[in-house]
Amino acid sequence: MSRLLGGTLERVCKAVLLLCLLHFLVAVILYFDVYAQHLAFFSRFSARGPAHALHPAASSSSSSSNCSRPNATASSSGLPEVPSALPGPTAPTLPPCPDSPPGLVGRLLIEFTSPMPLERVQRENPGVLMGGRYTPPDCTPAQTVAVIIPFRHREHHLRYWLHYLHPILRRQRLRYGVYVINQHGEDTFNRAKLLNVGFLEALKEDAAYDCFIFSDVDLVPMDDRNLYRCGDQPRHFAIAMDKFGFRLPYAGYFGGVSGLSKAQFLRINGFPNEYWGWGGEDDDIFNRISLTGMKISRPDIRIGRYRMIKHDRDKHNEPNPQRFTKIQNTKLTMKRDGIGSVRYQVLEVSRQPLFTNITVDIGRPPSWPPRG
(Lines of atoms letter the chains of each structure in order from A; the text may use other names.)
(Lines give C-alpha, C1' and ligand atoms only; values in the text may rest on other atoms or scores of the structure.)
Protein backbone atom coordinates (compact mmCIF):
# COMPACT_ATOMS: atom_id res chain seq x y z
CA MET A 1 0.00 0.00 0.00
CA SER A 2 2.74 2.40 0.94
CA ARG A 3 4.58 1.52 -2.27
CA LEU A 4 1.46 2.42 -4.30
CA LEU A 5 1.02 5.70 -2.45
CA GLY A 6 4.66 6.60 -2.97
CA GLY A 7 4.44 5.99 -6.72
CA THR A 8 1.36 8.18 -7.02
CA LEU A 9 2.99 10.99 -5.09
CA GLU A 10 6.06 10.81 -7.30
CA ARG A 11 3.94 11.15 -10.46
CA VAL A 12 2.10 14.15 -8.98
CA CYS A 13 5.38 15.85 -8.11
CA LYS A 14 6.70 15.30 -11.63
CA ALA A 15 3.51 16.73 -13.09
CA VAL A 16 3.70 19.79 -10.84
CA LEU A 17 7.36 20.25 -11.72
CA LEU A 18 6.54 19.97 -15.42
CA LEU A 19 3.77 22.58 -15.09
CA CYS A 20 6.10 24.94 -13.22
CA LEU A 21 8.73 24.54 -15.91
CA LEU A 22 6.14 25.20 -18.63
CA HIS A 23 4.90 28.30 -16.79
CA PHE A 24 8.46 29.56 -16.46
CA LEU A 25 9.12 29.11 -20.18
CA VAL A 26 5.91 30.98 -21.10
CA ALA A 27 6.84 33.81 -18.72
CA VAL A 28 10.32 34.09 -20.25
CA ILE A 29 8.88 34.23 -23.80
CA LEU A 30 6.35 36.91 -22.85
CA TYR A 31 9.02 38.93 -21.08
CA PHE A 32 11.31 39.07 -24.10
CA ASP A 33 8.40 39.93 -26.41
CA VAL A 34 7.34 42.87 -24.22
CA TYR A 35 10.95 44.01 -23.93
CA ALA A 36 11.33 44.02 -27.70
CA GLN A 37 8.17 46.11 -28.09
CA HIS A 38 9.36 48.66 -25.52
CA LEU A 39 12.76 48.84 -27.19
CA ALA A 40 11.16 49.57 -30.58
CA PHE A 41 8.90 52.21 -29.03
CA PHE A 42 11.75 54.10 -27.40
CA SER A 43 13.81 53.86 -30.57
CA ARG A 44 11.02 55.62 -32.51
CA PHE A 45 10.63 58.14 -29.69
CA SER A 46 14.27 59.18 -29.77
CA ALA A 47 14.29 59.40 -33.58
CA ARG A 48 11.16 61.55 -33.94
CA GLY A 49 11.40 63.73 -30.85
CA PRO A 50 9.14 63.95 -27.81
CA ALA A 51 6.62 66.36 -29.35
CA HIS A 52 5.79 63.90 -32.15
CA ALA A 53 5.87 60.80 -29.96
CA LEU A 54 3.63 62.14 -27.21
CA HIS A 55 1.45 64.61 -29.12
CA PRO A 56 1.19 63.55 -32.76
CA ALA A 57 -1.77 65.90 -33.40
CA ALA A 58 0.30 68.93 -32.40
CA SER A 59 2.72 68.46 -35.29
CA SER A 60 0.20 69.85 -37.77
CA SER A 61 0.55 73.30 -36.18
CA SER A 62 4.24 73.17 -35.33
CA SER A 63 6.71 75.75 -36.65
CA SER A 64 8.63 75.33 -39.89
CA SER A 65 11.75 74.35 -37.92
CA ASN A 66 10.15 70.94 -37.22
CA CYS A 67 11.03 68.66 -40.09
CA SER A 68 8.63 65.74 -39.47
CA ARG A 69 5.07 65.81 -40.73
CA PRO A 70 2.29 63.46 -39.49
CA ASN A 71 1.14 62.79 -43.05
CA ALA A 72 4.62 62.20 -44.45
CA THR A 73 5.09 59.03 -46.46
CA ALA A 74 7.05 56.21 -44.82
CA SER A 75 10.51 55.32 -46.05
CA SER A 76 11.93 51.81 -46.31
CA SER A 77 13.22 52.17 -42.74
CA GLY A 78 9.70 52.69 -41.42
CA LEU A 79 10.34 56.32 -40.37
CA PRO A 80 8.62 59.33 -42.00
CA GLU A 81 10.50 60.93 -44.87
CA VAL A 82 11.70 64.47 -44.17
CA PRO A 83 10.99 66.94 -47.03
CA SER A 84 14.06 68.70 -48.42
CA ALA A 85 12.42 72.16 -48.16
CA LEU A 86 9.37 73.20 -46.25
CA PRO A 87 6.94 75.59 -47.95
CA GLY A 88 6.58 78.95 -46.22
CA PRO A 89 3.31 80.73 -45.56
CA THR A 90 1.49 81.76 -48.74
CA ALA A 91 0.92 85.49 -49.06
CA PRO A 92 -2.75 86.37 -49.38
CA THR A 93 -3.91 87.36 -52.84
CA LEU A 94 -4.81 91.05 -52.91
CA PRO A 95 -7.77 92.32 -54.94
CA PRO A 96 -7.18 94.48 -58.03
CA CYS A 97 -6.79 98.19 -57.34
CA PRO A 98 -9.99 100.09 -58.20
CA ASP A 99 -10.21 102.14 -61.39
CA SER A 100 -11.39 105.08 -59.29
CA PRO A 101 -9.28 105.09 -56.09
CA PRO A 102 -11.47 105.93 -53.07
CA GLY A 103 -8.94 108.14 -51.27
CA LEU A 104 -8.58 110.89 -53.87
CA VAL A 105 -8.98 114.49 -52.72
CA GLY A 106 -9.73 116.28 -56.00
CA ARG A 107 -8.65 119.93 -56.37
CA LEU A 108 -5.41 120.64 -54.48
CA LEU A 109 -3.86 123.80 -53.08
CA ILE A 110 -0.37 124.04 -54.57
CA GLU A 111 2.08 126.70 -53.38
CA PHE A 112 5.85 127.09 -53.57
CA THR A 113 6.55 129.69 -50.89
CA SER A 114 7.26 127.53 -47.82
CA PRO A 115 10.74 126.02 -47.43
CA MET A 116 10.80 122.35 -48.37
CA PRO A 117 13.73 120.45 -46.84
CA LEU A 118 14.20 116.94 -48.19
CA GLU A 119 14.12 115.49 -44.66
CA ARG A 120 10.56 116.75 -44.23
CA VAL A 121 9.47 115.15 -47.49
CA GLN A 122 11.02 111.87 -46.39
CA ARG A 123 9.16 111.95 -43.06
CA GLU A 124 5.89 112.61 -44.88
CA ASN A 125 6.30 109.50 -47.05
CA PRO A 126 7.33 106.59 -44.81
CA GLY A 127 5.84 104.03 -47.18
CA VAL A 128 8.14 104.99 -50.07
CA LEU A 129 11.10 102.63 -50.32
CA MET A 130 14.71 103.41 -51.14
CA GLY A 131 15.03 104.53 -54.74
CA GLY A 132 11.55 106.06 -54.79
CA ARG A 133 9.67 102.76 -55.15
CA TYR A 134 6.15 102.23 -53.84
CA THR A 135 3.57 99.43 -53.99
CA PRO A 136 0.05 99.71 -52.51
CA PRO A 137 -0.32 97.44 -49.47
CA ASP A 138 -4.02 96.69 -49.97
CA CYS A 139 -4.48 95.99 -53.70
CA THR A 140 -2.72 94.86 -56.87
CA PRO A 141 -2.23 97.59 -59.51
CA ALA A 142 -2.82 96.78 -63.16
CA GLN A 143 0.36 98.59 -64.25
CA THR A 144 3.90 99.21 -63.05
CA VAL A 145 4.75 102.88 -63.65
CA ALA A 146 8.17 104.48 -64.13
CA VAL A 147 8.15 108.26 -63.64
CA ILE A 148 11.03 109.81 -65.61
CA ILE A 149 12.29 113.35 -64.84
CA PRO A 150 14.93 115.05 -67.06
CA PHE A 151 17.15 117.05 -64.75
CA ARG A 152 20.05 119.42 -64.22
CA HIS A 153 20.62 121.96 -61.42
CA ARG A 154 17.00 121.94 -60.20
CA GLU A 155 17.32 120.65 -56.62
CA HIS A 156 14.94 123.31 -55.30
CA HIS A 157 12.24 122.31 -57.79
CA LEU A 158 12.80 118.61 -57.18
CA ARG A 159 12.04 118.93 -53.47
CA TYR A 160 8.65 120.53 -54.22
CA TRP A 161 7.92 117.91 -56.87
CA LEU A 162 8.65 115.06 -54.45
CA HIS A 163 6.63 116.78 -51.70
CA TYR A 164 3.49 116.95 -53.82
CA LEU A 165 3.77 114.00 -56.18
CA HIS A 166 4.56 111.13 -53.81
CA PRO A 167 1.31 111.58 -51.81
CA ILE A 168 -0.65 111.99 -55.06
CA LEU A 169 0.79 108.84 -56.63
CA ARG A 170 0.21 106.85 -53.45
CA ARG A 171 -3.43 107.96 -53.28
CA GLN A 172 -3.80 106.90 -56.89
CA ARG A 173 -2.84 103.35 -55.82
CA LEU A 174 0.08 103.16 -58.23
CA ARG A 175 2.99 100.75 -58.15
CA TYR A 176 5.72 103.11 -59.25
CA GLY A 177 9.35 104.23 -59.19
CA VAL A 178 10.79 107.74 -59.61
CA TYR A 179 13.90 108.21 -61.78
CA VAL A 180 15.77 111.52 -62.00
CA ILE A 181 17.96 111.48 -65.12
CA ASN A 182 20.70 114.01 -64.43
CA GLN A 183 22.66 115.40 -67.40
CA HIS A 184 26.36 115.60 -66.55
CA GLY A 185 28.41 118.65 -67.46
CA GLU A 186 27.45 122.08 -68.75
CA ASP A 187 26.84 121.40 -72.43
CA THR A 188 23.52 122.21 -74.06
CA PHE A 189 20.57 120.49 -72.40
CA ASN A 190 18.78 117.68 -74.28
CA ARG A 191 15.45 116.86 -72.66
CA ALA A 192 14.21 114.20 -75.10
CA LYS A 193 17.47 112.27 -75.08
CA LEU A 194 17.42 112.17 -71.28
CA LEU A 195 13.90 110.73 -71.46
CA ASN A 196 15.14 107.98 -73.78
CA VAL A 197 17.89 107.21 -71.27
CA GLY A 198 15.34 107.08 -68.45
CA PHE A 199 13.20 104.59 -70.37
CA LEU A 200 16.14 102.23 -70.90
CA GLU A 201 17.64 102.54 -67.42
CA ALA A 202 14.30 102.04 -65.65
CA LEU A 203 13.75 98.81 -67.58
CA LYS A 204 17.23 97.64 -66.61
CA GLU A 205 16.23 97.97 -62.98
CA ASP A 206 12.77 96.44 -63.36
CA ALA A 207 11.62 94.76 -66.56
CA ALA A 208 8.04 94.83 -65.24
CA TYR A 209 7.63 98.53 -66.07
CA ASP A 210 4.88 98.80 -68.68
CA CYS A 211 3.85 102.46 -68.29
CA PHE A 212 6.16 105.48 -68.51
CA ILE A 213 5.29 108.98 -67.28
CA PHE A 214 7.63 111.72 -68.55
CA SER A 215 7.45 114.81 -66.34
CA ASP A 216 9.26 118.13 -66.17
CA VAL A 217 10.52 118.78 -62.65
CA ASP A 218 8.81 122.19 -62.38
CA LEU A 219 5.23 121.00 -63.02
CA VAL A 220 2.85 119.89 -60.25
CA PRO A 221 -0.74 118.72 -60.89
CA MET A 222 -3.50 120.65 -59.13
CA ASP A 223 -5.92 117.70 -59.03
CA ASP A 224 -5.14 114.14 -57.95
CA ARG A 225 -7.94 112.79 -60.17
CA ASN A 226 -5.50 113.32 -63.05
CA LEU A 227 -4.43 109.67 -62.86
CA TYR A 228 -0.84 108.90 -63.87
CA ARG A 229 -1.69 105.79 -65.86
CA CYS A 230 -1.30 104.60 -69.43
CA GLY A 231 -4.23 103.80 -71.70
CA ASP A 232 -5.02 102.65 -75.21
CA GLN A 233 -3.57 105.90 -76.62
CA PRO A 234 -0.65 108.12 -75.55
CA ARG A 235 -1.73 110.41 -72.73
CA HIS A 236 -1.07 114.13 -72.32
CA PHE A 237 -1.61 115.15 -68.69
CA ALA A 238 -0.47 118.79 -68.45
CA ILE A 239 -3.10 120.34 -70.72
CA ALA A 240 -3.89 123.47 -68.67
CA MET A 241 -0.81 125.15 -67.16
CA ASP A 242 -1.01 128.38 -65.23
CA LYS A 243 1.64 129.96 -67.48
CA PHE A 244 -0.75 129.47 -70.45
CA GLY A 245 -3.77 130.81 -68.56
CA PHE A 246 -4.98 127.24 -67.84
CA ARG A 247 -5.61 126.63 -71.54
CA LEU A 248 -4.14 124.24 -74.08
CA PRO A 249 -1.79 126.48 -76.11
CA TYR A 250 -2.44 124.63 -79.40
CA ALA A 251 -4.01 121.36 -80.53
CA GLY A 252 -0.72 119.58 -81.15
CA TYR A 253 0.87 120.50 -77.84
CA PHE A 254 2.32 117.45 -76.04
CA GLY A 255 4.69 119.08 -73.55
CA GLY A 256 5.16 119.16 -69.80
CA VAL A 257 3.85 115.80 -68.60
CA SER A 258 2.96 112.87 -70.86
CA GLY A 259 2.57 109.12 -70.63
CA LEU A 260 3.08 106.21 -73.01
CA SER A 261 2.91 102.48 -72.51
CA LYS A 262 6.02 100.48 -73.30
CA ALA A 263 4.46 99.26 -76.55
CA GLN A 264 3.46 102.79 -77.61
CA PHE A 265 6.92 104.16 -76.84
CA LEU A 266 8.62 101.47 -78.92
CA ARG A 267 6.09 101.93 -81.72
CA ILE A 268 7.25 105.54 -82.26
CA ASN A 269 10.93 104.57 -81.79
CA GLY A 270 11.04 106.57 -78.58
CA PHE A 271 11.87 110.27 -78.60
CA PRO A 272 14.28 112.18 -80.88
CA ASN A 273 17.89 112.55 -79.73
CA GLU A 274 18.84 115.50 -81.94
CA TYR A 275 16.94 118.33 -80.23
CA TRP A 276 19.67 120.14 -78.31
CA GLY A 277 18.45 123.22 -76.44
CA TRP A 278 14.94 124.46 -75.73
CA GLY A 279 11.91 123.64 -77.86
CA GLY A 280 10.74 121.41 -80.66
CA GLU A 281 11.04 117.90 -79.20
CA ASP A 282 7.42 117.83 -77.96
CA ASP A 283 6.11 118.67 -81.44
CA ASP A 284 8.35 116.00 -82.94
CA ILE A 285 6.89 113.48 -80.49
CA PHE A 286 3.36 114.57 -81.44
CA ASN A 287 4.27 114.00 -85.11
CA ARG A 288 5.58 110.52 -84.32
CA ILE A 289 2.35 109.62 -82.58
CA SER A 290 0.24 110.88 -85.49
CA LEU A 291 2.42 109.20 -88.13
CA THR A 292 2.00 105.81 -86.43
CA GLY A 293 -1.78 106.08 -86.43
CA MET A 294 -2.29 106.87 -82.75
CA LYS A 295 -4.18 109.75 -81.16
CA ILE A 296 -3.59 111.88 -78.07
CA SER A 297 -5.75 111.20 -75.02
CA ARG A 298 -6.30 114.04 -72.52
CA PRO A 299 -8.16 114.52 -69.21
CA ASP A 300 -10.93 117.04 -68.70
CA ILE A 301 -9.45 120.54 -68.73
CA ARG A 302 -10.74 121.14 -65.20
CA ILE A 303 -8.71 118.14 -63.98
CA GLY A 304 -5.60 118.60 -66.14
CA ARG A 305 -4.54 121.85 -64.45
CA TYR A 306 -0.88 122.37 -63.45
CA ARG A 307 1.16 124.91 -61.58
CA MET A 308 4.66 125.68 -62.76
CA ILE A 309 7.46 126.72 -60.43
CA LYS A 310 8.59 130.06 -61.83
CA HIS A 311 12.23 130.28 -62.84
CA ASP A 312 14.53 131.87 -65.36
CA ARG A 313 15.52 129.90 -68.41
CA ASP A 314 18.38 127.56 -67.62
CA LYS A 315 21.87 128.37 -68.71
CA HIS A 316 22.90 126.26 -71.72
CA ASN A 317 19.25 125.66 -72.64
CA GLU A 318 18.86 128.35 -75.26
CA PRO A 319 16.22 127.97 -77.99
CA ASN A 320 17.19 125.47 -80.65
CA PRO A 321 17.52 127.39 -83.95
CA GLN A 322 16.99 124.19 -85.95
CA ARG A 323 13.79 123.10 -84.22
CA PHE A 324 11.36 124.26 -86.91
CA THR A 325 13.27 122.54 -89.70
CA LYS A 326 13.54 119.32 -87.69
CA ILE A 327 9.81 119.29 -86.86
CA GLN A 328 8.99 119.39 -90.57
CA ASN A 329 11.18 116.34 -91.23
CA THR A 330 9.93 113.97 -88.53
CA LYS A 331 8.67 111.48 -91.11
CA LEU A 332 12.16 111.22 -92.57
CA THR A 333 14.09 111.04 -89.29
CA MET A 334 11.94 109.09 -86.83
CA LYS A 335 13.09 105.64 -87.97
CA ARG A 336 16.79 106.41 -87.62
CA ASP A 337 16.66 108.82 -84.67
CA GLY A 338 15.17 107.47 -81.47
CA ILE A 339 15.43 104.81 -78.80
CA GLY A 340 17.35 102.53 -81.16
CA SER A 341 20.11 105.06 -81.79
CA VAL A 342 20.58 106.72 -78.40
CA ARG A 343 24.18 106.72 -77.13
CA TYR A 344 25.18 107.61 -73.59
CA GLN A 345 27.33 106.59 -70.64
CA VAL A 346 26.02 106.06 -67.12
CA LEU A 347 28.37 107.75 -64.66
CA GLU A 348 26.53 107.08 -61.40
CA VAL A 349 23.38 105.41 -60.09
CA SER A 350 22.42 106.64 -56.62
CA ARG A 351 19.32 105.31 -54.86
CA GLN A 352 18.01 108.02 -52.56
CA PRO A 353 15.14 107.61 -50.06
CA LEU A 354 12.62 109.25 -52.45
CA PHE A 355 14.07 108.73 -55.94
CA THR A 356 16.78 107.07 -57.99
CA ASN A 357 19.32 109.51 -59.41
CA ILE A 358 21.06 108.43 -62.63
CA THR A 359 23.83 110.76 -63.79
CA VAL A 360 24.68 110.31 -67.47
CA ASP A 361 26.99 111.69 -70.10
CA ILE A 362 24.91 112.12 -73.26
CA GLY A 363 27.64 113.74 -75.34
CA ARG A 364 27.73 117.15 -76.95
CA PRO A 365 25.59 118.74 -79.65
CA PRO A 366 26.95 119.05 -83.17
CA SER A 367 28.14 122.45 -84.26
CA TRP A 368 25.51 124.73 -85.80
CA PRO A 369 25.21 124.61 -88.71
CA PRO A 370 26.15 120.91 -88.95
CA ARG A 371 29.33 120.16 -90.83
CA GLY A 372 29.06 118.41 -94.13
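Residue 1 is the first one shown; counting continues down the chain.
Even glycines carry a Cβ here, placed using N, Cα and C.
According to Swiss-Prot:
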type	residues	note
BINDING	D218, H311	Mn(2+) binding site
BINDING	G280, E281, D282, D283, R323	N-acetyl-D-glucosamine binding site
COMPBIAS	66-78	compositional bias 'Polar residues'
REGION	56-97	region 'Disordered'
TRANSMEM	16-36	transmembrane segment
> For N-acetyl-D-glucosamine, what surrounds G280, E281, D282, D283, R323 with a Cβ no more than 8 Å from their Cβ centroid?
Replying inline: A192, Y275, G279, D284, I285, N320, K326, I327
>> Tell me the coarse DSSP state (helix, strand, coil) of D283 (N-acetyl-D-glucosamine binding site).
In response: helix
> Record lists G280, E281, D282, D283, R323 as binding N-acetyl-D-glucosamine; longest Cα-Cα distance in Å?
Replying inline: 10
>> Taking every protein chain in this structure into account, which of the binding-site residues D218, E281, D282, D283 has the most other Cβ atoms within 10 Å of its Cβ?
In response: E281
>> Between G280 (N-acetyl-D-glucosamine binding site) and D218 (Mn(2+) binding site), how many Å separate their Cα atoms?
In response: 18
>> As a test of the contact definition, list every same-chain residue at least 6 positions from R323 (N-acetyl-D-glucosamine binding site) whose Cβ is closer than 8 Å to its Cβ.
In response: Y275, G277, G279, G280, E281, D283
>> Return the count of C-beta atoms lying within 10 angstroms of the C-beta of G280 (N-acetyl-D-glucosamine binding site), excluding that atom itself.
In response: 23
> Between D282 (N-acetyl-D-glucosamine binding site) and D218 (Mn(2+) binding site), how far is it from one CA atom to the other, in Å?
Replying inline: 16
